[in-house]
Amino acid sequence: MAASELYTKYARVWIPDPEEVWKSAELLKDYKPGDKVLQLRLEEGKDLEYCLDLKTKELPPLRNPDILVGENDLTALSYLHEPAVLHNLKVRFIDSKLIYTYCGIVLVAINPYEQLPIYGEDIINAYSGQNMGDMDPHIFAVAEEAYKQMARDERNQSIIVSGESGAGKTVSAKYAMRYFATVSGSASEANVEEKVLASNPIMESIGNAKTTRNDNSSRFGKYIEIGFDKRYRIIGANMRTYLLEKSRVVFQAEEERNYHIFYQLCASAALPEFKTLRLGNANYFHYTKQGGSPVIDGVDDAKEMVNTRQACTLLGISDSYQMGIFRILAGILHLGNVEFVSRDSDSCTVPPKHEPLTIFCDLMGVEYEEMAHWLCHRKLATATETYIKPISKLHAINARDALAKHIYANLFNWIVDHVNKALHATVKQHSFIGVLDIYGFETFEINSFEQFCINYANEKLQQQFNMHVFKLEQEEYMKEQIPWTLIDFYDNQPCINLIEAKMGVLDLLDEECKMPKGSDDSWAQKLYNTHLNKCALFEKPRLSNKAFIIKHFADKVEYQCEGFLEKNKDTVYEEQIKVLKSSKKFKLLPELFQDEEKVLSPTSATPSGRVPLSRTAVKPAKARPGQASKEHKKTVGHQFRNSLHLLMETLNATTPHYVRCIKPNDFKFPFTFDEKRAVQQLRACGVLETIRISAAGFPSRWTYQEFFSRYRVLMKQRDVLGDRKQTCKNVLEKLIQDKDKYQFGKTKIFFRAGQVAYLEKIRADKLRAACIRIQKTIRGWLMRKKYTRMRKAAITIQRHVRGYQARCYAKFLRRTRAAITIQKFQRMYVVRKRYQRMRATTIALQALLRGYMVRNKYQMMLREHKTVIIQKHVRGWLARLHYCRILKAIVYLQCCYRRMMAKRELKKLKIEARSVERYKKLHIGLENKIMQLQRKIDEQNKEYKSLLEKMSNLEITYSTETEKLRNDVERLRMSEEEAKNATNRVISLQEEIAKLRKELHQTQSEKKTIEEWADKYKHDTEQLVSELKEQNTLLKTEKEELNRRIHDQAREITESMERKLVEETKQLELDLNDERLRYQNLLNEFSRLEERYDDLKDEMNLMVSIPKPGHKRTDSTHSSNESEYTFSSEITEAEDLPVRMEEPSEKKAPLDMSLFLKLQKRVTELEQEKQSLQDELDRKEEQALRAKAKEEERPPMRGAELEYESLKRQELESENKKLKNELNELQKALTETRAPEVTAPGAPAYRVLLDQLTSVSEELEVRKEEVLILRSQLVSQKEAIQPKEDKNTMTDATLLLEDVQKMKDKGEIAQAYIGLKETNRLLESQLQSQKKSHENELESLRGEIQSLKEENNRQQQLLAQNLQLPPEARIEASLQHEITRLTNENLDLMEQLEKQDKTVRKLKKQLKVFAKKIGELEVGQMENISPGQIIDEPIRPVNIPRKEKDFQGMLEYKREDEQKLVKNLILELKPRGVAVNLIPGLPAYILFMCVRHADYLNDDQKVRSLLTSTINGIKKVLKKRGDDFETVSFWLSNTCRFLHCLKQYSGEEGFMKHNTPRQNEHCLTNFDLAEYRQVLSDLAIQIYQQLVRVLENILQPMIVSGMLEHETIQGVSGVKPTGLRKRTSSIADEGTYTLDSIIRQLNSFHSVMCQHGMDPELIKQVVKQMFYIIGAVTLNNLLLRKDMCSWSKGMQIRYNVSQLEEWLRDKNLMNSGAKETLEPLIQAAQLLQVKKKTDEDAEAICSMCNALTTAQIVKVLNLYTPVNEFEERVLVSFIRTIQVRLRDRKDSPQLLMDAKHIFPVTFPFNPSSLALETIQIPASLGLGFISRV
């Protein structure tokens, strides 16, 4: 396609502009060949006619599509030209606040004049290990690329940083060095990386100064080589410096400063150590006050002085040398204040006792008179004699300044040499990375020798840069097999020849310097004669004969010849140097001039300029004294040329990386872009030359897959073939007719400039046409919908109007009919009301009269009835009172008589009790008598109950008959009274009727008055009620309002309290987590220091002794996890045993000294406790002896009887115990025999057990009765022995006996029913076993259903993915799927085979048991055979069976087998091998059982040794295989299980809640291992942190590729054009990671942890940490990658996150907190997808993104880049609105999340239900030397 075809209507172009350099405009009509004018419209709306150049006929450059604006790489632009580059840089710098941009191999860095948070250690970690094209442009990306290429290609690297003064060269170089120091680390303990960074403040203080363009401008060039060893760790560095600006020491322009070190000294003059320097304010000294700006805003010179001195100390410059340096610098300042007095025109003198010179001489340690003499005189030497000549005042001032510059230059050289010595590598350097910080191209109004040297250096660097770019282009074309065509690029070799060749500018300058009367004018004439009109690059100014012009690669520069010779010679008077060398008091001063050439130029000069310093400068041989005056030193130009050649050789031997620093404006305004200044620097630094070289060839490059993904919309279905390459070829031939515009490589398509823009235009037109078609269809559909909706609405309106009219007419008819009906009913109502009123009045009168009569009759009957009741109650009360008096008297008489009889009986019993024989006789039949009495009492009770029943029946019959008679009498009386009353009532009624007739008239009159009053009262009442109702409603509303307020206040108070409580709870949780995290970080740091200690110890061992076989030093990268209680040895097991046998006991003691001391302290405490208990026991024994003695002192009473009763009681108790033991044995047998067939209700054993239980219960009942009888006798005996003087003795004794019986009955009954409870437990256990089996079957079925569902879903996903693939890929995918399926089936079969093997082994064991039992039966049969038969049969060997032992859950081992135990169980146990088939946590159980046995033996040494060896063994195996996830997971699980066992069996109540009684019996008895539990907890924390690091190392390469780059939803993300720095493709290749890879890895981690039996809570914490790493790494990369911040990528991220959440749901881990760690990533993805236009959108974003910091939100909005033209960019004003809304939010200013953050881990107590005595030790572990106990 012709370029002119792109100039169509609405195409945008760039036109030159004097202010903005380039302006954007839009074509108003198509361009046709031959047109002389273009019709344009500017962006501000102004129309313009642009005239084309008639000679060149060049069209204005086209503007790139908006989608390409803001690209990371300028070579990705379709149109590569100056305005496109300038606009792209401006958009990135101003709108996106991005200061770095790639331009091919060059990194363009624009100085923001503002501190940006993009250089932290988190950013360094983010860029570490990343490909250069995968992240946004950054100086760290360049540094990482250099570091990676050095390690990969085994080739030295260079980073060339150039730019104007103030462009940020020094800062860029500093950050590059910081990156190397952080990433690589140092190979020794000397921390070389810190020294490399510490060299910066020193060099800045002595080599940087404030200029009008930069507050910290480097006034010298430097090349720092950072050396690395074979493991690519920093071992040293070396610095070369170039062209120091010495003239700044004696002169500064307006608003500039001298070197920083002078102002730092003056600011620190008040320090005590600086008193001798006699310094003052900077304005006092001539050398520091000329610029008039001694202070820099925001810089504290005194503080900077402290930093400088600290850096000197770090680099090994002692305090004495530092003071020497400061003395020399102070002497230079005082020397500048030395003044001269003219004696005549040719001579001058120093004033006598001149103070500045005196101070200078004192500081330098030289004679005042000698220095004063040679400052005003010079020595001239001829062939025959020497003259001393005075000099003028002007020459003296120049000589003073020359001396000051020379001293400073030598001091600078000395400091650089000492810095290099401090940074010198102690070991051999394997490779290096050089960082060149050198001045850029300079052109001013007056250009002198300094600018000439600078531009000469830039010409050499530009030549090297061009050649490198050209070489890379050539390699790319050759690799892709593109036909190579020579690209015409600017070669600046002629310009270099003009400067450095024979008879060049430098050669002529050196020749002129050798002339006795050489001058600048004669040199200029030689230049004109030699090069004018002969070299096209050399010109002469029209109006000057003392200047010349050279055409450099960047621009023409006019140089003024004045001062060239003086600066090139750069001489100082020899006599002044000799005076300084003769200093005896100041040793440092002669050192500065030791390596200086012996002879100075004899010609008088005013030296100025800069002196080159290079470490490779060859030292001249010592000159003979006689030749001293005839030799000349090398000129500055010659030295600079040599050092530059050496630099170029170094750079050519390395792989260069280029950083071009741009100064955006001259006023140091932050983020302000001056287009003119930027274009000047872009032209000067070679960026545009790179663009031009790229544009000359094929700048745009696409892989076939990327081209297909981007331009699939331009293809038809029939064009898509299986071969992507052929598909792309066919499409391109149709789209672009000119085949020269593109080339097909092996893996890429190469396009000429502008072709990608043309393709983008076609794609956009196609998409626009599709959008128009979609819009047309949708708009038509919408209009049709609108029309049908309007028509339907019109019909509805008509229907409703007509209906309304009909309803109105019907309403009129109804109203007419209703009026008639109302009139009828109203008239009827009036008449009916009148009738009803009259009737109601009559009825009311009748009712009143009748009621009055009835009430009178009722009152009379009521009075008579009450009278009868009162009489009845009074008579009954009198009778009862008489009866009670008589009864009380009779009872009193009975009591007195019975008391008398009881006293007599008591006396008789007392007399009989005194006779022993009488007591024995009574006692013989006492038991039988009591039984007989009991039976008699029962019979009497029965008779008493029968008599009571008969008596109650008689009373009931009597009462019923009496009641009947009473009712008959009452009825007769009532009838008689009614007859009497009836007669009286008739008479009275007649009288009352007459009275009522009279009263009726009175009542009628009163009624009228009452009705009137009632109406009035009713009206008043209604009015009052209405008022009260109104007041009531008001009060109700007020009450409701008050209640609402009170409720609201209460709710607010409650909510505020709840919020405060929640906040305080959260704060406490945060504090707890912080404290836990701090502790675990300290633990991690301790582990790291321990590891460092081990490495150093190993290095010392290697250095001191010859390594023996088996003595192996582990890699320092392995983590050492020793705690403070343990000691780890690196010697292998074969050597360790004999060495320990030979060591004396004194050497063994320090192995575990801290633990030994703690245990010793514990033993002391236990001894004290034992002593106190012993004292207590002695005291108790003494009290018992005293009590016994008192009892013996009492008189013996009835000893024989008591002894007999005690013997009887003991016998009964022993029998009772025997029965209880039998019952317990039966219960135990019942609990141990749990088989359903044995314990079934119908089984013989079950019946026997029930019979035994019933017999036992009967026997217990009999014994209980005997015990009760015996106890009653004992109580009676006690009562007899100890009589009480109380009246109620008999009663109290009886109550006491009853209480005792109740208490004892309860205990005996509880013991009797234990057997019944055990029976119930047996039945419950049967039910539970059946229920458990049912649940297991149900769970297994559910698991099978779930697995089938997962398999079905997976098959559906695979089918859907296969359907999207082309046929070839589909076949390949199906084959791969079939292979995977077969592999899984093979694994399942292997698992089944392993299970069958286990079953076979189990059956074999059962077979052995049965064989033993058969042998026992045979032995039993042999015993029944007679002796004769035994003799006749042959004798066969018989196996004597061993009785099965009852194990106690302990393992016994010998002390010498401890190392063997650790070796077999820990060091050589492999999780993937033997440990797969073990019980989860089996090593922990085995170790704990060994600890239990040592505790059982009370052997503290054995316990301590075993625990220490165990911990050390775990650390050794983790150090050896610490990068294997399965190993770390296995030992984390076992360490936690071991810790839980120590807690579960510690004997503490808090840990014994869930134990079974059997497990409680296994608790430790002799030792408290709480301290070791803490050690194991620390070890578990270290293992967990190591596990997290292993997880991170495995997941790290997958995360970015799987979560960001891979397109999980194909076709959503568009592929944008990329530049030279290709990014990782988002299309999944064979080697790339996808989201499925991450999920598979997560599944692998989860299954391994579950297989190892890790605690569920710990698994949740690990999963939470994994998800945090995934979220943090993904978000960090998103924040550092502009190409990932788009709407479609947000959709991809949200889909990926949903897949991770689905994984959490499948694994039942949603409550682990893992989902919450992804919240920042989710919100970032939502931020990419939401609208970003209005204030409402800003408010929604602020409320939505609460998990993101303000910096992260603004960064995402700045990076947001549309992938298609239909997306819109985020306006800068919208971002400002977001910033304003978020300015009050208090969050971290940190941009990136800390991906290395590890959440504090906890180990919740998880007791095991596994019984220790049931654990079997597999033979595969090789632990045959331990035995179960």
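Glycine too: its Cβ is placed from the backbone N, Cα and C atoms.
All annotation found in TrEMBL is predicted automatically rather than curated by experts.
The domain 'Myosin motor' annotation in TrEMBL covers 69-764.
Here Lys169 (ATP binding site) comes close to Val161, Ser162, Gly163, Ser218, Asp437, Ile438, Tyr439, Gly440, Cys661: these same-chain residues lie at least six apart in sequence, with C-beta atoms under 8 angstroms from its C-beta. Among the features that TrEMBL reports, ATP binding site is placed at Gly163, Glu164, Ser165, Gly166, Ala167, Gly168, Lys169, Thr170.
Taken from TrEMBL, the feature region 'Disordered' applies to 600-635 (among others).
The coiled coil feature in TrEMBL is assigned to 916-1099 (among others).
Positions annotated as region 'Disordered' by TrEMBL: 1107-1148 (among others).
Taken from TrEMBL, the feature compositional bias 'Polar residues' covers 1117-1131.
Annotation source TrEMBL lists region 'Disordered' at 1170-1203 (among others).
The coiled coil annotation in TrEMBL covers 1324-1413 (among others).
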Among Gly166, Gly168 [binding-site residues], residue with fewest other Cβ within 10 Å: Gly166
For the ATP site built from Gly163, Glu164, Ser165, Gly166, Ala167, Gly168, Lys169, Thr170, further residues of that chain with CB within 8 A of the site's CB center: Asn111, Asn214, Ser217, Ser218, Gly440, Cys661, Lys663
Neighbour count (Cβ, 10 Å) for Thr170 (ATP binding site): 23
Per-residue pLDDT averaged over the coiled coil (1324-1413), given as an integer: 69
Listed binding-site residues (Ser165, Ala167), ranked by Cβ neighbours within 10 Å, top entry: Ala167
Residue, out of the binding-site residues Gly163, Glu164, whose Cβ gathers the largest set of other Cβ atoms within 10 Å: Gly163
